[in-house]
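> Structure provided below as structure tokens; questions to follow.
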């Protein structure tokens, strides 16, 4: 048998191997997308025209409204009245711009400026404000091309643009995108530049990026009371921009004969789902609004056009909300052709022909689609050299049908040349259709090309992760006596092994990954039921005695069903629809936490040993307990006030009169949200300090009791011939009694830790999920009573491995119970900035993790209370968790490698892999193993030395 020290070293080595394997796998699976180097220049793309095409516009205003879903902009209930009035008049061109996953800001800006489909890794980099590796400084994009024409570009808004284009803009004013709680100032800081900078004639392009609408979505969802007013605010800003631009254009065209006019592009980078989040691939998240506006369009409104020359070609497109659907990346070549600069080299988009649809002269349309086709053809030739012949010598391939779409290009070019000579409209229309066929076929082939996986790194990662898993299993077999138990628990053991195998196998099925929550709900309830069935196998129990653990089991299952119904069956929507109920439940949750804390402190004071402790020690213990209770009550009250203040500031909910007085509390009245959040953290930290002190004085008190106990034993055996032997025996007995008592109190201290962190976790949780912590508390109490009954009445302790499996199941189930899933869209940022004054990547990342894994963290700490301070039991508990997480990580890595060409690799498997990394590295190795070991084996450790 290996000793604990060596096993700990082996476990650390295996953990490092596993983390190294994960890092290698990610390097191979999530590489930065490889782009063609350099920038496009005049002449790079084939054209039949000797002279450069005249631009349609010479100035650009690009208004990007974060999370502007299509129905917000062009829906029936839209707050954009000014924009829709132009759409109704036919002087604006509306679209639904389809975005691709991941639907988060950084990759969407890359798509909007380069015309490419960004790497999935950009979804992770999206949260790193200081990251510079995602810069587009060396990637071709329309912002750079615009600048190359000696244009002046100003930018105001989300500072992500400033990181992507560090040396492009002539004037900037950036705002931080991740302070989600700010819905007002973040937009006012952008709008103020309309009256001060836009009115000046010193610009050629201005980019505005508004964030407030996205922040409202994160805080209250698309149905938030703040959503419609925010849309109206954005509409007023657009109206102001349009009015200024129209006046400037009118003046410029009078003074300058070559003035062309200004194009306004109003668009969203992505949409949002019904919870207000984004990142996934649902319809709401991928449907962004897009409108092209210009004072020039007023002279040729689309509704006045009786017959559009391209109506046949455009008729086949999908329509949503009565307007056409395009790809978001189509904006890039469209801007390039409208402003006559080269199309960026890596563009995958196609020209939006609607903006040309009313023109009867086909020359500019033909040249635009030819440039688009030529650029895409050159890009395709890098991975499909067979297309080169069609591009270099098209006349020789007019009748060559080897590549159908290549032939389309050759025939289109021939008809294009025919039109330039004959001006035959029929030839022009057919040429445009053939160009467009080539563009669409090329675009589809480029978009569907496999990502640039590094298989060597992926395989190396899988090997290391697998070796780590095998090593942990072997370590478990060497530690068999502590990690396995048979007898009455054999049913649970067999089911746990079978459940782990089936769950790991489910990683190969996309539907099981998407619906993973059902797996954990089933495992939790089945394990609970099997634990009750096991009580029938205890020979000393009568039928009446069996009823107690069985009743606890069914109560547990009822609580699990209630928790499932809370978010998944809209039980919370039904209950919280009544005015004030949300706040009553919030108050009940925090009050429940305080009651559990009082009960725990009472148990601490009521557990006394046979020997009385001196009065001074009792006074010290009582003072520390009182301080602990005050801190728990104070933190709970402050969390409640914070939630109330957030509600009154952001969601305009009515606060019940009975709670209104808390808002005028002198302690919190002068504090803003950031200061109040910091105050809560400070009191939480003080609580941890007091809790450590409480454990220390408890141990010291029992040492005094131990000394008194030994002295009394000495007095009893003074006249005994075997005095030395009896004294040794008495010492051992007294020490053992004292250690058992201290161990019991250590468990109560850990329960007190649970009561302390509960308000902090509620602080980082959405208000509607707070009530779930009441259910967690009751579940925890039922489990504690069940385990104590089996230990005290039946002399059958629950094996450590079973506790480990059940806690792992409860941790996973609670993650899904709080409304999360394996989609990036379910990442909740609304509570990730509590108490944060300025952006810090590590701090925001930590708070984001705590916010989204709040229920899981709660059960992780709860699991520590079930394990005694004995080193073997703690190691067994950790090893059980390590095997479970490692097996899943191994099978998922293999699954992703095998299914890397799967249709849902980026929408299902990749997000799941990112979540599993968080589960393994952050939740298991850092929280469970490192922090858990420090707290249970060092801070609150019971020494059993002789």
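Glycine too: its Cβ is placed from the backbone N, Cα and C atoms.
Predicted automatically and left uncurated, TrEMBL annotations should be read as such.
Just so it is clear, the model here is predicted, and its values are computed rather than measured.
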> With TrEMBL as the source, which of 12-30, 31-49 is set down as transmembrane segment?
12-30
> Suppose you had to name the range TrEMBL annotates as transmembrane segment; which of 422-444, 491-513, 652-674 would you pick?
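Residues 491-513 are the ones TrEMBL records as transmembrane segment.
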> Of the residue ranges 367-386, 387-406, 547-566, 707-726, which one carries the transmembrane segment annotation in TrEMBL?
547-566
> Are the transmembrane segment (581-602) and the transmembrane segment (841-867) close enough that 3 or more Cβ pairs fall under 8 Å, when only pairs 6 or more apart in sequence count?
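These two segments do not touch.
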> Contact between the transmembrane segment (491-513) and the transmembrane segment (917-942) is defined here as three or more C-beta pairs under 8 Å separated by at least 6 residues; is that satisfied?
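In this chain the transmembrane segment (917-942) does not contact the transmembrane segment (491-513) - fewer than 3 Cβ pairs sit under 8 Å.
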> Given a Cβ distance threshold of under 8 angstroms, which distant residues of the chain, six or more beyond its ends, lie next to the transmembrane segment (581-602)?
575, 625, 628-629, 632-633, 636-637, 639-640, 643-644, 647, 653, 655-656, 659, 748, 751-752, 755-756, 758-759, 762, 767-768, 770-771, 773-774, 777, 781
> Excluding the flanking five residues on each side, which residues at least 6 beyond the ends of the transmembrane segment (800-821) place their CB within less than 8 Å of a CB in that stretch?
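For the transmembrane segment (800-821), the sequence-distant neighbours (Cβ-Cβ under 8 Å, at least 6 residues beyond its ends) are 275, 482-485, 489, 492-493, 496, 514, 516-517, 520-521, 523-524, 527-528, 531, 560, 563-564, 566-567, 765-766, 769, 772, 776, 779, 783, 787, 827-828, 852-856, 858-860, 862-863, 866-867, 873, 876-878, 880-881, 884-885, 923.
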> Using a threshold of three or more Cβ pairs below 8 Å, and leaving out pairs closer than 6 in sequence, do the transmembrane segment (623-642) and the transmembrane segment (874-897) count as in contact?
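These two segments do not touch.
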> What residues in the same chain, six or more past the boundaries of the transmembrane segment (623-642), come closer than 8 Å to it by Cβ-Cβ distance?
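Apart from its flanks, the transmembrane segment (623-642) reaches 586-587, 590-591, 593-594, 597-598, 601, 604-605, 659, 662-663, 665, 667-668, 673, 676-677, 679-680, 683-684, 686-687, 690-691, 693-694, 697, 752, 755-756, 759-760, 762-763, 834.
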